[in-house]
Amino acid sequence: MSKRFSGELGMKETEIASGPPSHRHANRVVPNIAKYKVGVPPKQSLFEEFKSTVKETFFPDEPLRSFRDQSKSRKFVMGLEAVFPILSWGRDYNLTKFKGDLIAGLTIASLCIPQDIGYAKLARLPAENGLYSSFVPPLVYAFMGSSRDIAIGPVAVVSLLLGGMLENEIDPEKNKTEFLGLAFTATFFAGVTQIVLGFFRLGFVIEFLSHAAIVGFMGGAAVTIALQQLKGLLGIKDFTKKSDIVSVMRSVWSSVHHGWNWQTILIGISFLCFMLLAKYIVRVNHINKGVSPPSINEIYFTGDYLAKGFRIGVVCGMVALTEAIAIGRTFASIRDYRLDGNKEMVALGTMNIVGSMTSCYVATGSFSRSAVNFMAGCHTAVSNIVMSCVVLLTLELITPLFKYTPNAILASIIICAVIGLIDIEAVILIWRVDKSDFIACMGAFFGVVFISVEIGLLIAVAISFAKILLQVTRPRTAVLGKLPWTNVYRNIQQYPEATRVPGILIVRVDSAIYFSNSNYIKERILRWLIDEEEFNKEKNQPKIQHLIVEMSPVTDIDTSGIHALEELYRALEKKEIQLILANPGPVVIGKLHDSKFADVIGEDNIFPSVADAVQAPDPKTEEL
């Protein structure tokens, strides 16, 4: 196209030369050194294409690469190490590491014992089940988990979610046995869900819940949990079973004159005279002494509760996974080691299945405990083993003393634990960076606070999917201009100094072209053309003769996308405008040839770069 615009460019260069020095060479034409045609990749067979897609979808990290060229015995050992990482790092374990793990384990044990009792209360379960969940699951995880820093046990959000969903099915006061059995059933299926996701390498599923939605969900859950502790903190006996803020505050204020216990309020707020007054304030229920008993016979493998337990377990298992993987990746990044998310899912799932058979409920990585574990100097998962041993001693020797722990103290412990879930700095950052993310964050937050935890979670997932759909169906497009002194073409809105090329409209599509967005992309390009023609008419610029579509960001195209390009080609042909494609990728160019669209548009109108397309000779001019 260099000849077709040589006159205009020559005039423009003359104008620039007579203008200010800073603009004299703004549109200097860089000579084209070589001409290349867009390469078409070798055609793959259906099996090869399917194999490549499966590999990139499920095995992008090539998990079996280390097994190559190894003897059978070595492969067997490596397989065991993959399932039980403790066999790998255990060989290098020493006394120095044990000292750090011992201190960290004792520290998180001192934190987890009161938390477990409080979290069991959130789940509407006996206190001992909370302690059991910090005894068996951490032992299993220590052998199978790959994170050095995660501290395992019950967490506030999952406990609240589990308790709320269980209570919707069974009254925990009237049917304690059935309620406990359903809790173990849900825990079992939470573990099954986690193992299935990990084994079949479907970990990407949990990533559909965006960071912004998680921040909002966690914040809303923290507010809901804290509000529910007003029952214990204020000594209210007749309290609502609903979790939304309106019901909770109505229950609190309706009890002002006859339901508040001022002694309980004093103890819960100040912690003064705790040991002296503990025996006379409302006490927690008796905590059973001893190791967690088997509970496999209490799991519902048949009957109506099977489906209910499965549904509750899937939801709780996904939320637990999201929290644990987020924690693991955070600390792995800080310590500069790699965390295999799929192996983590298998480890977490196994520990929850085992836990469901030993009177535990859903356990996962805890934000607060993991942070304390990290700061206390842990080196390996042995800190979880130490914590588990301390909890065992507590169950065997000290549980009778917890009988005198006031509800007000437990409420205060829970409130202190969940306050850290409200991340104000993250919310401010989300607002600054992405307003749509902020909407997702606030939607999840208000859904949890004003309706319920389950609805808040549903809103978080729905908004996350809505954002994905919006980005897929309405991708960005941009008009490109030439940067001064270069052959580089960039967005004219991002680079105001970039200049349009007379007679040419250059549009970049920033997305794959699929059935969901193909019609929008076609219509948007035509609108850009209308806007450009109006602009040229006002400025007395030459008529648009060529429309170049920059396709570098277009990673894929389907039949609907090709059909849209055909319609665009015909629409431009009626306007006597030539459609030109620049830098289509290997997948795209292959499909353009398979569909014969490359023949329709002409291979002479497909170029490896925008610069080549702009500088190419005009065949019509050549004929003249």
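Placed from the backbone N, Cα and C atoms, the Cβ positions cover glycine too.
As written in TrEMBL, here are the features:
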REGION    1-24  region 'Disordered'
TRANSMEM  179-200  transmembrane segment
TRANSMEM  212-230  transmembrane segment
TRANSMEM  260-282  transmembrane segment
TRANSMEM  345-368  transmembrane segment
TRANSMEM  374-395  transmembrane segment
TRANSMEM  407-431  transmembrane segment
TRANSMEM  443-466  transmembrane segment
DOMAIN    494-617  domain 'STAS'
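Outside the transmembrane segment (345-368) by six or more residues, the chain places 83, 111-112, 115, 120, 123, 125, 128-130, 132-138, 140-141, 144-147, 150-155, 158-159, 162, 183-188, 190-199, 203, 292-296, 299, 313, 316-317, 320-321, 323-325, 327-328, 417, 420-421 with a CB less than 8 A from a CB of the stretch. Against the transmembrane segment (443-466), the recorded stretches 179-200, 212-230, 374-395 differ in Cβ pairs under 8 Å, and the greatest number is found for 212-230. Through the fold, the transmembrane segment (212-230) approaches residues 122, 156-157, 160-161, 236, 239, 243-245, 248-249, 252, 322, 326, 411-412, 414-415, 418-423, 426-427, 430, 434, 437-438, 440-449, 453, 456-457, 460-461, 463-464 of its own chain, all at least 6 residues removed from its boundaries and within a Cβ separation under 8 Å. When the domain 'STAS' (494-617) is classified with DSSP, helix, strand and coil residues number 61 helix, 21 strand, 42 coil.
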